[in-house]
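What TrEMBL records for this protein:
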- 23-212: domain 'Aminopeptidase N-like N-terminal' (DOMAIN)
- 247-466: domain 'Peptidase M1 membrane alanine aminopeptidase' (DOMAIN)
- HIS317, HIS321, GLU340: Zn(2+) binding site (BINDING)
- GLU318: active site, proton acceptor (ACT_SITE)
- TYR407: site 'Transition state stabilizer' (SITE)
- 537-885: domain 'ERAP1-like C-terminal' (DOMAIN)
Amino acid sequence: MREAVARAAAVAPPFRLPDSVRPLHYTIEVEPDVAKNEIHGKAVIQVAIWKATRHIVLHALRLQVTHAAVNPAEGAAAVIAIHNQPENETIYLELDTTLPTNSLATVTMKYVGEMSPPGSMSGLCPTPYQGPGGAVKFGFETMMEPISARSVFPCWDEPEIKAHFTVCIVADVDLTCLSNMELDSERLIKRTQGEPKKRAIFKASPLMSTYLVVMIAGHLNVLQSNDFRIPIRVWAPLDRKIENGAYALDIAVKAMKTHESNYGLEYPLAKLDMVAIPGHTGGMEHWGCVSYEERGLLLDDSPSEADKMRLAFLVTHELAHQWFGNIVTMRWWDSIWLNEAFADWATVNALSQMIPNFDSRASFLASPDDGGRAGFQDALELDSSMGSHAIQDPRLSPAAAFDSIAYLKGCSILRMVAEDLGVDIFLKGIQRYLHKHIYLTATTEDLWIALSEISGKDVAELMATWTQTVGYPLLTVNELRPTGKVAINQSRFLQNGDTDFGVGPYPLTVQIRGPNGIEKHTMRGQEMVVPVNLFSYKLNANLVGFYRVSYPLSRIHKFAVQFAGNTLSSEDKVGIISDLGALVLTGSADRRCRVSHFLDFLLTVKDTTSNLYVWREILGQFRRVEAAFMFENKEIVDTLKLVRSKLLNDLVEKGYLDFSPDDTTEDILLRTLLFGELRNHYLVQERSCVAWKRFINGEQEALNPNLRKAIFKTVVALDNSKDTWDKLKSIALERSYIRAEDPVTPLEALSALGSSPDPELIARALQLITPSSSTYLGISDLEELVLSKNPVPFVMNWALRQSILKSLSEHPGGAIASWNWLMNNWNILVDKRRKDSVNGFGFITTVLGGLATSEHLAQVENFFSDRVDESFDLVLAQAIDKIRARCRFIAADRANLLKFAS
């Protein structure tokens with residue numbers, strides 16, 4: 001569930017259900033009425049009475065229970081009142097008699113509920129698409145995680161309260177219905193009024209949590225593979241090219257085989273469905289029936305290598321959850337990091353086995369390219385903010401727990417444990433954990449116990465600090481030259497340059513690379529002294545540990561020489577560049593390196609590597625410097641442009657932009673990266689303009705799929721032509737977007753619409769994504785244009801809006817305009833995010849991420865001085881801290897950069 005940062009309101013009700021009654025088996029029948037925006041349902045729930053009670057309390061949100069009955073296994077009982085408690089999102093049934101301890105009963109309820117809007121990713125949502133004959137059709141999907149099952153049927157909506165489920169879907173007779181389990185039967189329902197319906201009944205599930213229940217219906221095509229023990233299928237709406245799901249199907253087969261082998265536990269269900277759903281964002285790991293955004297399963301006819309890697313990661317991640325999350329589930333939402341972090345770690349580990357010529361582990365460690373998947377570096381940046389939080393924090397609401405700390409820092413510390421214990425030992429511990437808690441729930445401590453039992457080490461003692469404490473350490477190295485040793489001191493690293501807030505020390509296994517290999521040293525206190533070869537040492541070998549290292553400047557100069565040899569791994573090089581860049585950007589007065597040292601270092605090592613991941617880190621860190629100085633005077637901006645050209649221009653002459661049939665995956669990704677970063681180079685601009693002209697004249701093959709996004713951004717920024725911008729908008733909105741024969745190209749065009757520096761085009765880009773106050777989701781110019789050109793309603797979800805905001809934030813005019821847009825539209829924006837809550841309040845991060853000056857900081861602090869609430873307080877604190885850090889860096893190094901320029 002990688003993209004589901006928040007599936008419900010950011011602050012969840014604190015209420016926990018009483019433990020007097022527990023469900024054993026649900027039979028749920030749901031009949032959506034899209035025309036009336038209603039859900040008609042019936043729930044028959046077999047329950048166990050754990051404690052004598054006259055009240056049955058369960059969750060219900062926007063459900064009107066029209067009938068309720070309770071039938072004890074022995075005796076009789078009547079429901080005398082149905083009480084709604086909207087503040088707790090519950091109802092309770094008051095009985096005329098007490099149900100005794102250790103008894104059984106059946107609870108029956110009929111109810112009417114509300115459908116959620118298309119694309120809202122919460123509860124039961126309609127999914128618009130073009131059906132047979134071109135007519136507008138609506139299917140539907142459910143999205144229950146974390147706490148939206150209660151809006152579809154009355155239930156005990158807490159992950160620990162597992163039960164068996166029999167799902168019945170009532171739908172039009174021509175729709176395909178899918179759920180977690182295989183279909184048991186279909187029956188025709190004839191009614192005196194209206195068209196006949198069918199009742200699709202699915203087999204009973206194993207024990208599972210409510211958030212994993214799924215119901216999907218639509219006109220669907222299917223592609224099936226029998227290359228695994230059970231059938232694996234890709235489903236998509238009829239108007240999509242189902243054959244473009246073949247790559248996802250192949251990845252799924254490989255992933256399931258790899259996961260089964262790694263976990264030592266067979267997938268227990270009889271089938272696995274994967275469904276491409278219009279308007280969906282990311283993926284959701286429903287057991288046996290995984291839902292995806294369309295480009296998460298369907299490539300276009302000529303996919304880019306980056307699209308294939310992104311799809312492979314998403315599919316493999318969601319399928320990892322079929323074990324870690326579905327078979328064994330976290331007991332409460334404060335342990336959701338276990339589900340998500342392990343799925344990320346398992347995916348990184350599995351892809352290295354599944355895809356040749358692609359180092360998924362190194363890819364996770366390096367800064368992402370444009371639009372690439374976040375990883376280790378993003379976790380380090382976020383957790384160095386004053387707005388960060390501990391991985392496992394009981395104060396977080398279920399929705400707030402789904403953030404990058406859970407995913408990325410969680411994955412990073414699991415990687416640290418796995419490397420410390422050995423990956424084979426780690427996987428045996430995972431197998432112990434899964435077998436011990438099969439079909440049950442577990443806690444973080446249960447995982448540590450299983451790993452300790454297998455490894456013989458006290459994993460809990462090592463990991464408690466890492467999961468329950470915010471932040472991570474900076475190891476400051478001082479060379480004790482006469483003794484041949486180094487003194488290592490640790491303190492919390494903060495991006496704003498402060499170093500000590502009383503956090504730590506963090507328990508570490510420090511891996512030090514020397515001329516004779518890697519030595520491990522245990523660090524449990526604030527300081528330690530270890531012997532090293534002072535001519536050749538590097539802490540955090542292979543970038544295993546989640547921490548940063550500050551070296552003496554003399555050591556940095558030696559690293560520049562070592563880059564040309566083979567004594568450092570690519571992970572080592574990524575770590576050196578990352579640590580140096582992050583330390584420089586703090587602007588701290590006691591830094592050993594200034595921005596001039598850092599730029600000199602990059603210019604020195606650039607000719608020593610052709611490694612994709614090292615280049616991603618070089619450019620990722622350099623982009624951070626550019627972003628900080630984006631609003632400075634022409635001399636500084638021109639200096640950084642010159643550095644960029646010196647970094648990259650030689651690569652053009654060396655042929656790095658020239659694709660070859662013999663290119664590996666990493667070769668293609670490197671050429672793609674460099675082409676995008678060289679958008680100001682005359683050759684890239686020339687090639688982009690030629691390809692663009694051929695493309696708009698009908699030559700579809702004129703665009704190398706790997707370069708599409710870069711070409712779109714280049715021509716929009718270069719031309720500043722309204723005609724070019726309009727053509728790109730047409731591609732984004734009209735060219736197969738709704739029918740999705742090509743689900744990727746329009747998205748790349750959409751993200752490029754914010755790349756023009758022209759003020760009028762900036763304003764038009766923002767107008768596209770401005771929601772209306774008159775509608776729930778918000779109809780903007782973008783939706784209105786699509787509605788006028790296509791019969792199918794357009795779902796402009798917030799992930800698409802943010803792709804435009806991201807490109808706007810990358811240049812001064814767009815960044816300032818976006819900030820003004822946020823202030824002018826704040827009330828409606830925050831209202832819609834509370835309601836729809838896909839991607840939470842990530843638009844705050846995106847918009848404020850383009851700001852850098854003290855004037856910006858003052859404006860932001862003033863604007864939000866009376867607008868902070870718990871819905872977005874963490875996101876806001878992180879964004880403000882980043883601006884504050886940039887201001888400190890600029891003030892500290894502006895003169896240094898000017899001196900470097902001269």
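Note: Cβ is positioned from N, Cα and C throughout, glycine not excepted.
The structure, with features from TrEMBL marked on it.
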residue: HIS317; record: Zn(2+) binding site; DSSP class: helix
residue: GLU340; record: Zn(2+) binding site; DSSP class: helix
residue: TYR407; record: site 'Transition state stabilizer'; DSSP class: helix
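The two recorded residues TYR407 (site 'Transition state stabilizer') and GLU340 (Zn(2+) binding site) have their Cα atoms spaced 5 Å from each other. Here the C-alpha separation of GLU340 (Zn(2+) binding site) and the residue listed as 'active site, proton acceptor' works out to 9 Å.
Around TYR407 (site 'Transition state stabilizer'), a 10 Å sphere centred on its CB holds 26 further CB atoms from the protein chains shown. Around the Cβ of HIS321 (Zn(2+) binding site), the number of neighbouring Cβ atoms within 10 Å comes to 26. Within 10 Å of the C-beta of GLU340 (Zn(2+) binding site) there are 28 other C-beta atoms, taking all protein chains into account. Cβ contacts within 10 Å of HIS317 (Zn(2+) binding site), excluding its own Cβ and spanning all protein chains shown: 26.
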